[in-house]
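Asker: Feature annotation from TrEMBL assigns domain 'ABC transmembrane type-1' to A:73-264. Per TrEMBL, the feature transmembrane segment maps to A:14-34, A:72-96, A:108-129, A:141-162, A:183-208, A:243-264.
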Amino acid sequence: MSGTAPTHGHSRTLFWAAAALSVLMFLPMAWVLVLSVTENEALSRGTEAAFSGPYTLKNYTDIAGNSGVFRWFANSLVVAVGQTIGVLILASLAGYAFGRLEWPGRRLVFVIVLFGLAVPEQAVIIPRHQIFSTLNLHNTYIALILPGLSLPFGVFLMTQFFRAIPPEIDEAAALDNASRWRIFWKVLLPLTLPAQATLGIFTFLFAWNDYWWPLISATDKDMYTLTVGIASSQVNFAQTEGLGFLAAQAVFAALPVLIVYIIFQKHVVTAVSGGAVK
Amino acid sequence: MSASIDIHHLTKRFGALTVLDDISLAIEDGEFVVFLGPSGCGKSTLLRMIAGLEAVNEGEIALGGRRIDTLPPGERGVAMVFQSYALYPHMTVRQNMAFGLENVGTPRDEIARRTDAAAKVLEIDHLLERKPQMLSGGQRQRVAIGRAIVKEPRAFLFDEPLSNLDAALRGRTRLELAQLHQRLGTTMIFVTHDQVEAMTLADRIVVMHDRRIEQIGTPMEIYQRPATKFVAGFVGAPAMSMLPLSGVTRGPLGARLEVAGVGHIDSAVTLPEGFATQGASIGIRAEDTRPDAGADTGADRGTGAGPDMNTGSNTGSGPNTGPGSLPLTVDVIERLGDRTLLHGHLPDGTVLVAQDTGRSQVAPGQVVPVGVDPHAVHVFDAAGRAHHAGEVR
Ligand SMILES: Nc1ncnc2c1ncn2[C@@H]1O[C@H](COP(=O)(O)OP(=O)(O)OP(=O)(O)O)[C@@H](O)[C@H]1O
Ligand SMILES: [Mg+2]
């Protein structure tokens, strides 16, 4: 659909509808972008200053000087990357075990894992808090990363993917004298790359945007993730002061997500459309 | 390098379901053996047990005299070509072929040498850097065979490798497989339910049915002297006609076989004393019939139907067109060019297919007296065991 000129009446309608939606989606982002280069002083008198200026890059240079934004950015990066790698490893191994290996109790364990899909974070957040408190792990990367690793959806996705690979492929590899590990690593895992990409992107985005758990676990300013940090610097709830600076921080926070998206755009589209787009 | 395969009292169960029951089979070194049988009879299961992809419940498998049924697949020294080819989608053709050698630590230059040699033989050397998705079905099939060849296995196992190819390509590949076998001289087992593949490729055919081996023999043995009623009906096209046997008397050459309400057929079959006709049947192939349409069909037929007809003409005309004839009411005429098949029924309703010359003048509805070559008549007892006339001709 992208790029091709609409020819039929039907696809023309679709095109304009999609275009309108895109504009609608883009407007708030553009708004934040403009705010981020508008002087705080002017904005405090009224946000219409965004249309008139004066404009400045001071908000961005302020990020460098002020606050722990870089520290928070680094924290977010560690947490998001750590969680992504962890989820990919765990989900791949679990998916292989559920989708490929025969072992007693497999169905039961799989069902139990799937039940995890139905448990909302809110339901477990207090016991989780207490566990990490007891273990004295709050304000550590481990505390920020660990809960995100149990991702039933990831296990489910990888299981489905491993199941979809014809068993003859494993059998051929076994006849080719490949060890079980080699079959997993050299033959099956490369075939799950599309699923890995999908799962990786979602895990990364989710971890990057996560707010609630870091808010609870990281009480030390130095352990804030970017989401918590930015929220904490938002002292003025009327949002009349330092609005431009806040917007600049938001833009800065969104950058990695944007970069990840641009790099893996194709896979994100595939993931969202449920694999229908090949 | 090639090796014999010995299977002793092999039994396979999937849960409560027994799919192979006490199978014993000896395959000689360098032999081309075809497992033939209807869908679900356990051909693939038997092959997969030899490959090590299915566990053995009871019995033993030996390759080259060494027991292999407890070894993992990779250490058995066999290579398998799957019906679906099972190429590694993310590897190039070269990598596909090299993978098995890399796993056992074959030196790089040796891998390259073998891969190139196999690719050349299979005429896929220009495809070595492609991935399987960029290949046609026939090319994928060749890669799958190439992947087996480079391993220089002691036996090749093929599970219906031709069934995904179109008819023309299937015929060509069949021929190439035969040539490959001749060139390599390696033991090969080939699973199929296509009897043409079985007849053309096999040194020996193993006909399987209902968990058991029905018969093991050369293609001509299987065709001319089917051991059971099942084999007789399964091998050959059109299928052998089966007539109910109602009584046996002494005829001029052997048993005179009575068909109630139809007449009798003089056969050269010798039946044991006190043969029970209850549930027994007479098997007749279309090509062993002599429909007498009034035209001069006799001369043509002798040459058209092959050497097995010699005895028929040698023994004289007596039983062929005389009073031993079966009155066939022709229902459908099937023209095959070189011959014509007359599908019809006898007075008792039994269906019979007779074969006439290519220029047959018979019309539907016509009643044609059909003679039968007495030496090509088969009798099956109630248990399905066959009785044939004399020696293999
Ligand atoms: N993994 C399995 N679990 C249970 N039953 C099985 C399994 N594999 C095969 N069977 C059964 O074993 C029997 C033999 O199967 P097999 O695949 O060997 O047949 P086949 O002769 O190769 O048939 P086809 O010509 O259709 O390939 C069938 O009844 C099949 O349903
Ligand atoms: Mg099969």
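Note: Cβ is positioned from N, Cα and C throughout, glycine not excepted.
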Asker: Report the listed stretch (A:14-34, A:72-96, A:141-162, A:183-208, A:243-264) having the maximum count of Cβ pairs within less than 8 Å of the transmembrane segment (A:108-129).
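Answerer: The stretch with the most contacts is A:141-162.
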Asker: Against the transmembrane segment (A:72-96), which of these stretches has the most C-beta pairs under 8 Å: A:14-34, A:183-208, A:243-264?
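Answerer: Stretch with maximum Cβ contacts: A:183-208.
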Asker: Looking only at residues six or more beyond either end of the transmembrane segment (A:183-208), which have a C-beta under 8 A from one in the stretch?
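Answerer: The answer is 76, 79-81, 83-84, 87-88, 91-92, 95-96, 100, 148, 151, 154, 157-158, 161-162, 165, 169-170, 173-174, 226-227, 256-257, 260-261, 264, 267-268, 270-271, 275.
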